[in-house]
Amino acid sequence: MSSLLSTIESPADLRLLTRAQLHPLADELRSYLLESVARTGGHLSSNLGTVELTVALHYVFNTPDDRLVWDVGHQTYPHKILTGRRDQMHTLRQLDGISGFPRRSESEYDTFGTAHSSTSISAALGMAQAARIKGEDRNAVAIIGDGAMTAGMAFEALNNAGVAEGRLLVVLNDNDMSISPPVGALNRYLAQLMSGQFYAAAKNVGKQVLKNAPPLFELAKRLEEHAKGMVVPATLFEKFGFNYIGPIDGHDLESLIPTLENIRQLLEAGSGPQFLHVVTRKGQGYKLAEADPIAYHGPGKFDPAVGLKPPTSTPKTTFTQVFGQWLCDMAAADPKLVGITPAMREGSGMVEFERRFPDRYFDVGIAEQHAVTFAAGLACEGLKPVVAIYSTFLQRGYDQLIHDVALQNLPMVFALDRAGLVGADGATHAGAYDIAFVRCIPNMALACPADEAECRQLLSTAHEQNHPVAVRYPRGAGAGVAVPATLEGLPYGKGEIRRQGRSVAILAFGTLLYPALKAAEKLGASVANMRWVKPLDVELLLELARTHQAIVTVEEGCVQGGAGGAVLEALQAEGFTLPVLTLGLPDVFIEHGDPAKLLSMVGLDAEGIERSVRERFSAIVDASPGLKVVA
Ligand SMILES: Cc1ncc(C[n+]2csc(CCOP(=O)(O)OP(=O)(O)O)c2C)c(N)n1
Ligand SMILES: CC(=O)[C@@H](O)[C@H](O)COP(=O)(O)O
Ligand SMILES: [Mg+2]
């Protein structure tokens, strides 16, 4: 390994280096990062952009005593490498390996667990206030991207922080990108701050302000020679009560370090909340990522010398692609359809929809709460909104779902991608809870397609309804079932029997139908593809309950409050007392790792389902040889 980086076991080692040594260190760090992510896959572009900022923050601040809180945390690989996890980078995002996000359990330098965006200012403010109350001599620093800054929560925190005492610094890492190009007025405003005209006008005012603090003024004067930016007031952040500094070049250590030292002094002098605007480039230092930061936002493994290559064989169609195609086809058929994404155009499969229907496409930025209520407004006026949102991110818009959508019974479709386990992103991104949190809301319906064909069909069924309907589907590809070209739906609220067996009836909700069918072969069990969690096909359920000795439910969602719970409630309401085994995600957070391995670990692959059924219903199963499959 290269010489300087290998000497850094912790930021304390970093702080022993001279300023001049930081430049080659940053170069080594960037190379190490690139090679490492190319081997494991992971969030690359954002991390390439935070190399110098990470070095500078750990150099100037006394971490871990001073608290660094990284927003989202997808840009913390340089931080991980410098904080004792360099040699674990090859395990990144893999089972039993280190997380792709900050984790308090992983390192004392990871002061706050993140992955959902826009929490950093709130958390850092809490830490700053705690330090003040406890009389502890420490600073708290939130590092937040321009994309994450668009969320309401970030502004709620600014609103609180700007008038609070405590040693808080907010660093805005502005790379003029979210995952896709940033949207909205804030983005336009930040661009304005960077414009030469504004900068020139503001610079002199900055000097005036600093004249009140002579030593800092001297420092600032020196800074001016080195830094592209300067201490300038900026309308918006100043109005929030922060001392705004910047914009400065976030790749220039000669700007970053003196500016941060200056700010540290301001914090320690009790000058109130500070706001530093740094400008970075997503993908910095790796030409291919600089040219296409979207493709390199979260790539799989690749050869850095060659870059990402198109797949050699035709990849399986993903659920996301099925949704994207359905959206375009339905939009062509229904001029009232509008599509909404909270900053997940690529991940939600809406690139083509935006291209073909730009007037009916809305990227609202990272703003899930707003996305849901905005769509509700569209629905009030007779449009047919389709909100494409990851299951995990709908958690952010839960009150809006209940209060603004369901209570008013507005006809809307929620396309819940990434339902179930997602793999490398781990517990923060798992779509584990949507069945439980959607099915308890009056007026809401929830469908769970078993495969790609049903995904399209159930989206069409959802679109036909005059109330809100969510359709949940997982990350990646499914059983590989051919997708029909028509827009015909499936019967609302109806499941089907897929295998006629006896004694045990397995009720599958969603894509686990396929492992359930496999298990049923060995068990001689019946299998129903339930398709809908709500409304539950009670008729089908009761028929199965009458003709079998035991029921098993299978779902890729939390067992507590899940589809199995709905089955139990329905059986109890009808006076059935036959035994029910509910299989799903257990009451623990499931870590990152290969999704197939994870499913196997929680007993939701074919073998696991068979094993659980045998364990629970051994006497029943052993007495019942298998019957035939219904086509
Ligand atoms: C609440 C929430 N919504 C959406 C996402 C998905 N997401 C992760 S990173 C990202 C872009 C963030 O942009 P920015 O903060 O500017 O960081 P950059 O990627 O530019 O480094 C998005 C939309 C998320 N993690 N959390
Ligand atoms: C950090 C973050 O929230 C996103 O970048 C997320 O990792 C994307 O996940 P997908 O790869 O499933 O789209
Ligand atoms: Mg950004």
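Using N, Cα and C of the backbone, Cβ positions are placed for all residues, glycine too.
Please treat TrEMBL annotations as automatic predictions, because they have not gone through curation.
On a predicted model such as this, the values are computed, not experimentally measured, just so you know.
Annotation comment: TrEMBL describes His74, Ala115, His116, Ser117, Gly147, Ala148, Asn175, Tyr286, Glu368 as thiamine diphosphate binding site. The feature Mg(2+) binding site is assigned by TrEMBL to Asp146, Asn175. What TrEMBL records for 317-481 is domain 'Transketolase-like pyrimidine-binding'.
Considering other CB atoms within 10 Å as the measure, the emptiest surroundings among the binding-site residues Asp146, Glu368 are those of Asp146. Cβ neighbour count within 10 Å across all protein chains ranks His74 highest among the binding-site residues His74, His116.
You'll find the Cα of Glu368 (thiamine diphosphate binding site) roughly 16 Å from the Cα of Asp146 (Mg(2+) binding site).
In this structure the alpha carbons, written CA, of His74 (thiamine diphosphate binding site) and Asp146 (Mg(2+) binding site) are 14 Å apart.
Of all Cα pairs drawn from His74, Ala115, His116, Ser117, Gly147, Ala148, Asn175, Tyr286, Glu368, which the record names as binding thiamine diphosphate, the longest spans 32 Å. Counting only the Cα atoms, the space from Asp146 (Mg(2+) binding site) to Asn175 (thiamine diphosphate binding site) is about 7 angstrom.
Fewest other C-beta atoms within 10 Å: among the binding-site residues Gly147, Asn175, that description fits Asn175. Each residue in the domain 'Transketolase-like pyrimidine-binding' (317-481) has a pLDDT score, and their mean in this model is 98. Glu368 (thiamine diphosphate binding site) carries a helical DSSP state (H, G or I). Taking His74, Asp146, Gly147 as the candidate binding-site residues, the subset whose CB lies under 6 angstroms from any atom of ligand 2 consists of His74. Proximity of the binding-site residues (His74, His116, Asp146, Gly147, Asn175, Glu368) to ligand 3: a Cβ under 6 Å from the molecule is found for Asp146, Gly147, Asn175.
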